[in-house]
Amino acid sequence: MPHRPTPLVAGNWKMNMLVADGRALAAEVAAGAEGLAAGFAVCPPAALLPVVGEAIRGSKVALGAQDCHAKASGAHTGDHAAALLKDVGCTYVIVGHSERRQDHGETDAVVAAKAEAAAAAGLVPIVCVGETLDQYKAGEGVAVVETQVDGSVPASASADRLVVAYEPVWAIGSGLVPTTDDIRAVHGAIRARLAARFGDAAQGIRILYGGSVKPGNAAEILGVDDVDGALVGGASLNAADFLAIGAAAPAR
Ligand SMILES: O=C[C@H](O)COP(=O)(O)O
């Protein structure tokens, strides 16, 4: 059975930062990450990718984008080709974040097409899934997430080029966090869906938790079974907080 992966702590800067503060934040993260065991990635807005890439060059911090188009190239004003993201130094690209699903009407099929385009360009897609508060309250969280995993991870995916992030929509930016039992149940269900597809190789797929991860709750969340790191929003905008979350990841 494959070894469980080194935890990955990825910072999704969302639509924040300008050039100078983005460069400074990236440099601070790069310097601070060196002594830490976890893997790190930062995902700035697309226009900042070259600046941030330069700031983290030679460090252990990987570069990620926040979205890509499903098509390889063409007339898609304002969008970004996965190949361009790779060309500017990205290792990862987030696809299917709930803010994209909500703001841009992205369906599981669209997310799967983006993940496929990302992998075809040599990127590792971070495929996001997560239930709404109404679905959580109705006890439908696990079923919703299982459906999203089945529909958003493309048929062509390979286990060694895939990250899944579980982000309950109601926990994002809210300060609310599911219980560790809830997180364990959903991550276990995601692992089972991946195992149905990839067999033993599913053990090597990182399943990140995202939603109000802070230095104060990181150790508890990152210690849950089947949690292989975190996708961090607000706390990734502060280097000390982001690094403290990475420092809380269990050694593997
Ligand atoms: O992609 C990151 C998530 O949406 C989590 O955001 P948050 O840490 O601000 O809750």
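Cβ from N, Cα, C; glycine included.
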Self-check item: Residue in Ser59, Ser73, Ser98, Ser212 which TrEMBL records at the substrate site where Asn12, Trp13, Lys14, Gly173, Gly233, Gly234 also bind
Solution: Ser212
Quiz item: So which of Lys14, Glu167, Ser212, listed as recorded positions, have a Cβ under 6 Å from an atom of ligand 1?
Solution: Glu167, Ser212
Quiz item: Does DSSP put Asn12 (substrate binding site) in a helix, in a strand, or in coil?
Solution: strand
Self-check item: Rounded distance in angstrom between the Cα atoms of Glu167 (active site, proton acceptor) and Asn12 (substrate binding site)
Solution: 12
Quiz item: Which Cβ among the binding-site residues (Gly173, Gly233, Gly234) has the fewest C-beta neighbours inside 10 Å?
Solution: Gly173
